[in-house]
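What TrEMBL lists as ATP binding site is A:LYS103, A:LYS144, A:GLU177, A:GLU178, A:LYS179, A:VAL180, A:GLU185, A:ASN263, A:GLU264. The feature domain 'ATP-grasp' is assigned by TrEMBL to A:107-293.
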Protein chains: 2
Amino acid sequence: MTFPVIGMVGGGQLARMTHEAGIPLGIGFKLLSGAPRDSAAQVVRDVVVGDHRDLDTLRDFARGCDVITFDHEHVPTEHLRALQAEGVVVRPGPDALVHAQDKGVMRARLTEIGVPCPRHRVVTDPADAARFAAEIGGRPIVLKTVRGGYDGKGVWVVRSEEEAADPFRAGVPVLAEEKVDFVRELAANVVRSPHGQAVAYPVVESVQVNGVCDTVIAPAPDLSPELSAHAQEMALTIAKELDVVGHLAVELFETGDGRVLVNELAMRPHNSGHWTQDGAVTSQFANHLRAVLDLPLGDPRPRAPWTVMVNVLGGDFPDMYQGYPHCMARDPRLKIHMYGKDVKPGRKVGHVTTYGDDLADVRERAAHAAAYLRGTITE
Amino acid sequence: MTFPVIGMVGGGQLARMTHEAGIPLGIGFKLLSGAPRDSAAQVVRDVVVGDHRDLDTLRDFARGCDVITFDHEHVPTEHLRALQAEGVVVRPGPDALVHAQDKGVMRARLTEIGVPCPRHRVVTDPADAARFAAEIGGRPIVLKTVRGGYDGKGVWVVRSEEEAADPFRAGVPVLAEEKVDFVRELAANVVRSPHGQAVAYPVVESVQVNGVCDTVIAPAPDLSPELSAHAQEMALTIAKELDVVGHLAVELFETGDGRVLVNELAMRPHNSGHWTQDGAVTSQFANHLRAVLDLPLGDPRPRAPWTVMVNVLGGDFPDMYQGYPHCMARDPRLKIHMYGKDVKPGRKVGHVTTYGDDLADVRERAAHAAAYLRGTITE
């Protein structure tokens, strides 16, 4: 048997759902998890508990794996380069992944290849941030640590000199960006193989609440075919130019004058692609696996006119299972995806998807279920 | 957290795929597997290796499980009754499951509730089998051991006095049945909850080769709406009258004069329902879990006009992964489901599904992929 063994670094829900998608393929799946009760570690047979920041741990983990891939971007780039130099197959490779790890590197490279981004530059201190603000016509501006941020963490909207101090405290380089006056956020998700095949999912709308993804609508409503094709081509260009292998999420701002600007990149399955589990012919997780195994990619097309995903965040209601009977009885098409995580306020502990022909109805059903599970509504 | 723990007895592919379907629910999943490398044991975190015929093993396994369910019918009925008497929640329960374990009990009960079956009676020896043949108008007749058969094993088509000897050698009671002159085989699959909710999947056609399921077509082509509804109602009646909990597969013969007769029952996810993984709103595995957890059932409707499943049997070609690139490139909608089993000639090691609008095209794509993986064709 030559069925390969995938090693996935990181025990979060993305690894959990990637394992789920890998079971039908008959492949081996090893997990490097930070703790034995992490989301993915609860459902995977072959779990190594260890620290992804330790090179020896990574080396040991990689033995017996045919390819290493990731649930997150937090493995130090230099460790990935070391593994690669030792012959470990790392997908996406460090030269690609660094663009999802370091926002400064990402902005420089995207600008170089002509991909539209918000105006930006790395700034050295609050005074330099003030100069950047003056250059682009004034505050507010956005300051971001170039590494370590996610879900709104590591990002500050700065409206005054005083507010500009916080981002510099971590000792990480800080990127200043214009605060784009967008009409909405989109995501263009693509998957690319080592042999160069790529597929593009429909462009989706991503609705953020307090900097965290709340709702994803596939496809993005009322998006012009031209802008949709443009966004897909941009994502395919980024995947090719950065030599991405696997799933690439390109988070975009849509502006009032009909442009799209790149906000963030992620080189792994991404929250904006969860709808594909129940809404596309091939899920982002299945296609990520196919890509890192250099197998032909699956059809990315939607299976329903509209699919909506709503994240389930932790609220004050610790026992989400109690909501299952109501939600399942109310919507027999609803799919609940829970991550096995303890409920903490604001924490992403699951998501729901549903689909149908009528967008308003689909949105209502998905939003209702997520709110009910969270405990925000009780009927 | 009150997320329940399911305990599944049996480490085969049905448990493997049930675990896959359970991951999104966030439930616990424990497996009692005969060996550590069994199909399901490769992908489940919490595996107990032990003998399902041993009551103490079952007792130990059941501790910490909220409900026990099954990958197969081979747990002795008396052990299930003992567990149930001790307070273990067993679904389906032994009083239902015995009808899938013992063909004699099944035939007697179905006849009692008015469900049409082939003419039959338990026979004591070859001479008694000869009398049965005379009673129904002559051979061929079918002899079956009442327990232990599957995939054509334990079933003999008897054309002569001499051929009637074999079935009696095992020392198991033997059921004699008329050999039904059917035009094709169908399956009516339903799922039922403890609280009495039930859903019916579309009736499918099951094409057998050498007594083993080869192809399943959903829905069954050219089936009259009346006969389809009749078959679904029959399956729902059986589920209700026998107090089945979980997935019930009712294998049927369709006769030339427009009747359906029950061939076999299975009270677990079933090969004739594998198409639902990719072809129905809710898969048989997800609905089996919902049922045994007494959750509302999911929508059983198809998502495409035609879905076809073809089993992948072991051939002379041991390395099926080598076929993946060809099959995936040829049909981007194809789903391969492999079970992690070593290839042995004739053994079910996986299945493929695909779907679309044109039945001939869908059948060709699925059959091609299965034959290519098996090595029967090379281009």
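Placement of Cβ uses the backbone N, Cα and C atoms for every residue, glycine included.
Since the structure is predicted, the reported quantities are computational estimates derived from the model, not experimental observations.
Cβ neighbours within 10 Å of A:LYS179 (ATP binding site), excluding its own Cβ and spanning all shown chains: 15. Residue annotation for ATP gives A:LYS103, A:LYS144, A:GLU177, A:GLU178, A:LYS179, A:VAL180, A:GLU185, A:ASN263, A:GLU264. The furthest Cα pair among them is separated by 18 Å.
Counting other Cβ atoms within 10 Å of each Cβ, the lowest count among the binding-site residues A:GLU177, A:GLU264 belongs to A:GLU264. Taking all protein chains in view, 22 other C-beta atoms sit within 10 angstroms of the C-beta of A:GLU185 (ATP binding site).
Mapped onto three states, the DSSP output places A:LYS103 (ATP binding site) in helix.
All protein chains considered, the CB of A:LYS103 (ATP binding site) has 25 other CB atoms within 10 Å. In the three-state DSSP classification, A:LYS179 (ATP binding site) falls within coil.
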